[in-house]
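One structure is given below, encoded as structure tokens.
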Amino acid sequence: MWFYEKKLLYPVRVSTCNPMLAKFLLELYGGADGELAAALRYMNQRYSVPDRLISLLTDVATEELAHLEMIATMIYKLTKDATPDQLKQAGLGEHYVNHDRALFYTNAAGVPFTAAYIQTKGDPIADMYDNIAAEEKARATYQWMIDLSDDPDLNDSLRFLREREIIHSQRFREALEILKEGQ
Amino acid sequence: MNQQPQQPQLPPEYYQRLEEIQAIDFILIELNLYLDTHPNDQEAINQFNETVKKSIKLKMKFDIDFGLLINFGRGFTDCSWEWNDTPWPWQV
């Protein structure tokens, strides 16, 4: 089971209401290389890897859910005071007409999340390579997001998340070595 | 997200104490993942155990002063069910 702790993994502040940044952040929420995809990918792999790797997959999956909550907080704070017109100007008119300001699992282009983004191959080596690639793609997405953002408070949290993807990638590279040693 | 009522103003101490906990817990998260792949690193294990003590101490005090961080088996609620109380993490 899981416990919920009433705090964020790392503080999230935004400088101004900015629905356009919120729209871009959806890529990290419900996009192919976003946090939901990451959490669900690792959670499923736990059942078909050697025992030695179950703790790592459990813990990284759990941290990804904490990242998901940080992204949700960013989107919430960037949009909560926006008028319908501001949302429309930011390219979120289609989102507003369907969801108001509610969060929904889509990518930045509004495409709903799908399990087809992720894979569990049942082959731990293939899965570990997939995880390393997933972390590197997430890291790159955070970098492009930082490049688009002019909000210094938001960028502080985004830089934290970018660094975490590097750490996860590192841990999965070690997991790959552990798997190879076991063969 | 419909317009939310304004959150009551939180004292600066709330943010300071919360960030203290976030900083300590970050050490735990980082050591946790590291130990998953380096389970025999005694120095990291010692640091983990020492940091757990600090984290528990900070959280037990935070629970008393600002309300429960976890609703399951660590802190006690006062006479009203304080888990319902704001702020939730995205509201601060």
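Even glycines carry a Cβ here, placed using N, Cα and C.
Heads up, TrEMBL stuff is auto-annotated, nobody curated it.
Mn(2+) binds A:Glu35, A:Glu64, A:His67, A:Glu135 as TrEMBL records it, and from the list A:His99, A:His168 the residue named for this site is A:His168.
If you draw a 10 Å sphere around the CB of A:Glu135 (Mn(2+) binding site), it holds 24 other CB atoms from the protein chains shown. The Cβ centroid of A:Glu35, A:Glu64, A:His67, A:Glu135, A:His168 marks the Mn(2+) site; residues of that chain outside this set whose Cβ lies within 8 Å of it are A:Ala38, A:Ala39, A:Val60, A:Glu63, A:Ala138, A:Leu161, A:Arg164, A:Glu165, given in sequence order.
Around A:His168 (Mn(2+) binding site), a 10 Å sphere centred on its CB holds 26 further CB atoms from the protein chains shown.
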